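Pasting a structure here, questions to come.
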Amino acid sequence: MQVFLQTLIGGLSLGAVYALVAMGFSLVYRTMGLVNFAHADVLMIGAYTASTFYTSTRLPFAVAMVAAIAVTGLIGLVIERVLRPLENKDVTLMLIGTIGFGMVLQAVAILIWGATGRAVPSPVKAAPLQVLGLRIRTYDLVVVGVAAVAVVLLVAFLQRTKRGAAMQAVAMDHEAATAVGIHVGRSNAIAFAIGAGLAALAGGLVGPMLYVNPTMGGTLGIKGFAAAMLGGCGNIPGAVVGGLAIGVLDSYAAGHFQGYSELVVFLVFTAIIMIRPTGLFGETTVSRA
Amino acid sequence: MSLPHRRLIRPAGLVALAVVAWALPYGLGGYAIHVVDIALVFALLAVGMGLAMGIAGQINLAQIAFFGVGAYATAILTTRNGLGFWPAAVLAVLATALIGLLVAVPALRMQSHYLGIVTLGLALGFINWTTNAEPAGGADGISAIPVPPLFGVDLSSEYLYYYLEVVVFAVALAFGLFVVRTSLGRRMRAMRDDPLAAGAVGAQIPLLRMTAFLLASVYGGVAGVLYAGLVRFVAPDTFSIANMFLLLAMVVIGGRQSLVGCVIGAVGLSLIREQLVDHPTYAQLGFGVVVVGMVVFAPTGLAGIPARLRGVRARRRGSAVRAALRPFEPYEPAGETEEDDGTPILEVREVGKRFRGLRALDGVSLTVRRGEIRGIVGPNGSGKTTLFNVVSGFYRASAGQVALAGRPVSGARPYRLSLLGLARTFQNLRLFTDLTVKDNVLVALDRTRTRAIWRYVLWPVAIWRRERRLDHAADGLLARFGLTEFAAMRPSSLPYGIQRRIEIARAMAGSPRLLLLDEPAAGLNGEEVRQLAEIVRSIRDSGVTVVLIEHNMGLVMSLCERVTVLAGGSVIAEGTPAEVVGDPKVIEAYLGDSAMADLPLPEVTQ
Amino acid sequence: MNEPGTAPAQATTAGGTLAVEGLSVHYGGVRAVRSIDFTVAPGQAVGIIGANGAGKTSTLKALMGLVPRSGRIRFGDTDLTAVRPRDVVRHGIGYVPEGRHVFAGLTVERNLLLGAYTRPWRSERTRRALGEVYELFPVLREMRGRLAGALSGGQQQMLAVGRALMTEPRLLLLDEPSMGLSPKLVEDILAVLRRLGEEGLSLLLVEQNAKLTFEATSDCLVMENGEVVMTGTSAELRDDVRVRRIYLGL
């Protein structure tokens with residue numbers, strides 16, 4: 001029981017990171033119907049930028065994080081602008097285009113930071129908490145807390161603000177959105193920028209937990225995608241649940257299958273998604289055709 | 001260009017290519033030939049990827065893993081199990097095919113992005129296995145794979161290995177092109193453009209998707225075997241996600257819908273990568289930029305550029321081609337040839353269909369006699385199209401039974417119903433947009449089961465012969481529907497009325513016994529509606545029963561012998577047009593007391 | 001900046017004639033509309049009838065700037081060809097697209113509010129506009145919390161019209177509002193159009209249903225193959241032998 005709970009707690013903080021990745025990915029999917037394969041590499045850039053600001057300029061961790069979010073937000077805007085001619089036309093081509101961007105970002109990261117990775121010191125020095133015999137790292141609490149705030153802010157933005165409603169309207173029908181005066185391109189750009197910012201947040205938070213290197217995006221990104229799909233693509237609460245689920249699954253797989261944990265995670269994920277292709281919270285829209 | 005001239009170019013080009021391929025090693029140094037050998041391996045991989053992604057529309061990001069399975073299986077079987085190279089190679093290709101079929105299983109349930117992520121995840125899982133598993137040698141990989149023996153030819157020479165590769169590659173490419181241009185490839189392209197419509201004209205979608213992955217994995221497996229024999233060392237690095245994306249770049253830059261384009265992309269990028277071998281990061285940067293540029297500016301890849309240029313030139317000259325729709329040539333009326341034993345052609349009993357809370361159909365019963373033209377009318381949302389979707393197998397009914405010519409078919413898949421003699425059209429046109437008009441018809445003319453594809457491997461001649469016959473039949477059908485002059489065009493470039501007629505022609509290509517038309521007159525002008533009525537009558541006279549959903553009451557009145565009225569998911573009236581129009585329940589639910597109803601009432605009641 | 005809240009043209013009040021000269025629409029190599037001319041005077045209701053593919057929808061989309069076009073389009077003092085698609089609405093032109101195109105995943109009220117995207121949502125003016133739409137279509141008030149995608153076809157059509165009215169247009173463009181609706185619902189749509197006309201709104205109605213168009217408008221154009229082949233008052237055209245034969249099937 002003790003081991004079970006300890007593994008669960010270990011999985012939750014990484015799960016919160018997956019949830020952030022999944023949210024950014026879901027937001028772009030929801031507004032543009034596009035799976036952004038460059039998302040993982042944006043995360044990597046975010047992790048590098050945050051760690052660079054944090055370790056070399058001695059900025060406080062939170063400030064470094066904000067800087068990283070700004071940088072990746074800008075990258076998001078560039079990606080959206082370049083791929084804009086394909087918007088609402090060919091999703092497969094856009095998907096391939098984002099893979100191209102991923103290749104570019106990885107190459108850029110190697111040129112700037114080199115091919116070897118770096119370790120980031122934890123910004124929270126406090127000793128782990130002991131609760132009911134369980135060991136909880138304080139940094140993990142920070143990660144979960146930050147992620148929770150990000151979720152609340154994002155949901156509030158989509159549900160309560162005019163810009164958020166407009167963003168969803170663009171996703172549903174871009175011509176009708178144009179006809180009521182919404183700037184479709186700008187709306188998509190903002191979605192992309194927020195998505196990229198969420199990736200940077202995830203990357204910055206995960207830096208002190210893992211090793212930061214140019215290919216770190218690969219696995220994290222795909223697990224983030226998996227989390228989003230598990231929750232039902234485009235569904236924000238689903239992304240959160242999916243992220244935590246993948247994190248916990250990850251943690252157990254690492255405990256039981258050691259080196260093969262990734263293989264196990266992807267096999268389990270494939271099996272679940274086969275049984276429920278729309279994910280746990282996915283809506284199968286009623287077709288009145 | 002005159003035809004005989006063109007007929008000569010092909011063989012001449014092939015001979016020239018063969019001469020170049022034969023002479024190439026004489027002009028290359030030891031390292032250069034190695035580079036060419038590697039490029040050929042990638043070309044083979046790219047062809048497999050093109051078949052799955054470009055032709056069949058299955059986003060397959062596990063191609064690099066298929067490559068890896070082929071290479072690792074060869075390595076393990078030769079070094080650990082002591083098998084000879086060729087027996088190991090055969091087993092390795094079989095193993096890859098098996099893995100290919102397993103990876104295809106998710107494709108049965110999901111498509112597009114989802115499939116991309118799942119296949120990429122499985123590829124990552126494979127890499128995870130190779131780096132950890134003891135039989136795979138972990139990060140060090142497996143070395144000392146034996147040189148493949150070949151009748152005393154020393155294949156450790158990369159020059160001689162080149163010839164082996166060229167032969168394998170030529171056969172593989174030729175087979176790929178043969179597949180693309182014949183029945184199987186046509187069905188896969190149709191599935192890529194519109195899986196629902198492809199199912200409705202008899203293409204067995206699940207099996208086709210499996211086939212696409214099977215093809216991709218066999219090409220990947222063969223490439224893996226060749227790689228293992230060439231390099232005689234395998235390690236996880238070769239099968240990384242970065243290389244998967246490189247492969248994707250090859251296919252996209254070359255042109256994913258053209259196998260030759262895939263080859264050009266693979267060979268080209270392999271050579272460029274070799275030039276930049278000291279600057280791998282810049283190479284990656286460059287490839288990424290080119291991929292992005294390509295999808296934005298030349299989405300059809302290098303292979304698509306000639307066609308795009310032709311299109312631009314044609315537009316500059318002003319569309320010179322002015323094809324005209326010819327009149328429909330009526331079918332020969334059939335006598336009472338078919339066994340008319342009184343069983344109705346379509347019997348729907350107490351069918352219900354629910355979507356979550358919504359009750360779209362509720363206890364609908366309906367019997368259509370052979371040779372009838374039946375109209376189905378009703379307000380929007382009354383369940384007409386849902387009924388068609390249940391009858392044609394798109395939806396599974398929540399309750400009740402459907403029988404086609406006395407045979408229970410509840411729950412049968414669309415392709416099975418198509419083969420049993422059911423054809424349909426769609427309310428908002430579902431033509432295969434990237435196929436020519438003739439190919440659209442050919443897909444439906446093809447009545448073979450997908451499992452007959454064993455012939456591709458064992459008896460291709462039979463496929464050729466059948467292609468000839470189908471081609472002839474397609475020409476006849478297009479002529480009957482007056483569409484001959486549009487045969488080589490894409491439907492999306494044609495006016496709406498013509499597209500509607502193509503869809504009916506495609507439905508009739510399957511020689512159905514029962515034809516379902518969903519709002520065939522929507523969007524047609526008066527003259528076109530008159531032509532439609534003529535076509536439908538002729539189709540009926542040829543022995544086909546027709547059921548049509550229609551809002552144009554004028555057409556329903558003049559065409560249908562009996563009319564069924566649906567409202568709120570239930571049948572509220574049935575009878576002759578005159579009876580139905582006079583029914584107070586119908587007037588209440590459908591017509592209202594409206595002067596708006598498009599009803600030439602006096603003429604009908606006379 | 002043409003962001004919400006800084007709409008330029010709302011100040012100019014009544015009137016404004018829509019004057020279209022030599023309007024053409026090209027898609028790739030196809031000319032969908034070939035140099036057509038027409039005007040819609042303030043308060044006038046004009047109909048365009050014709051078969052599918054005649055260029056009716058392209059004409060409306062060209063007015064909204066949603067397709068590549070050439071020619072002159074003036075609305076009042078504004079040259080609409082110089083206005084970006086998303087700003088057309090800010091000059092007092094509301095658009096009901098063919099096939100309704102409501103925002104299916106948002107609630108009815110959100111759909112309507114998005115019609116007022118160019119104005120602040122919390123203003124008295126927006127609240128009043130919302131009230132007026134609910135008064136015109138009481139069923140929308142009942143359904144205000146439902147997702148638009150869950151409405152029936154007729155209710156979606158009302159929502160699409162309501163959303164366009166929320167833009168506070170002086171000219172309303174309607175593309176096939178009767179499409180796929182039962183005759184009874186078509187009757188309801190006609191009543192709404194008449195009422196809007198009485199309130200002084202200019203209407204440009206594109207329809208295949210010629211009967212509805214003749215009832216709802218004072219003047220009509222008949223389009224065929226991208227050209228205007230006939231114009232006249234609706235009453236004249238209704239009795240024209242050729243129109244009757246082709247479009248009414250009589």
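Each residue, glycine too, has its Cβ placed from N, Cα and C.
Got these off TrEMBL a minute ago, pasting:
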DOMAIN    B:346-593  domain 'ABC transporter'
TRANSMEM  B:33-52  transmembrane segment
TRANSMEM  B:59-78  transmembrane segment
TRANSMEM  B:84-105  transmembrane segment
TRANSMEM  B:112-130  transmembrane segment
TRANSMEM  B:160-180  transmembrane segment
TRANSMEM  B:212-235  transmembrane segment
TRANSMEM  B:241-272  transmembrane segment
TRANSMEM  B:284-305  transmembrane segment
Within this structure, do the transmembrane segment (B:84-105) and the transmembrane segment (B:160-180) have 3 or more Cβ pairs under 8 angstroms, counting pairs 6 or more apart in sequence?
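Not in contact, no.
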Are there residues at least six beyond either end of the transmembrane segment (B:59-78) with Cβ under 8 Å to its Cβ atoms? List them, or say none.
45, 48-49, 52-53, 84-85, 87-89, 91-93, 95-96, 99-100, 103, 111-113, 115-116, 119-120, 122-123, 126-127, 130, 135-136, 141-142, 145-146, 212-213, 216-217, 219-225, 227-229, 234, 238-241, 243-244, 247-248
Can you work out whether the transmembrane segment (B:241-272) touches the transmembrane segment (B:212-235), with the criterion being 3+ CB pairs under 8 Å where the paired residues are 6 or more apart along the chain?
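Taking Cβ pairs at least 6 residues apart, the transmembrane segment (B:212-235) and the transmembrane segment (B:241-272) are not in contact, as fewer than 3 fall under 8 Å.
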By Cβ distance under 8 Å, which residues at least 6 away from the ends of the transmembrane segment (B:84-105) in the same chain are close to it?
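Beyond its ends, the transmembrane segment (B:84-105) has Cβ neighbours at 60, 62, 65-66, 69-71, 73-74, 77-78, 119, 122, 145-149, 209-210, 212-214, 216-218, 220-222, 224-225, 228-229.
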Taking a Cβ cut-off under 8 Å, which residues six or more beyond the ends of the transmembrane segment (B:212-235) line up next to it in the same chain?
37-38, 40-42, 44-45, 47-49, 51-52, 55-56, 58, 60, 63-75, 78, 85, 89, 92-93, 95-97, 99-101, 103-104, 107, 137, 139-148, 155, 158, 161, 164-165, 168, 172, 176, 179, 188
Pop the mean pLDDT for the domain 'ABC transporter' (B:346-593) in here, whole number is fine.
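Mean per-residue confidence for the domain 'ABC transporter' (B:346-593): 87 out of 100.
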Do any residues, 6 or more residues outside the transmembrane segment (B:284-305), come within under 8 Å Cβ-to-Cβ of it, and if so which ones?
242, 246, 248-249, 251-258, 260-262, 264-265, 268-269, 272-273, 276
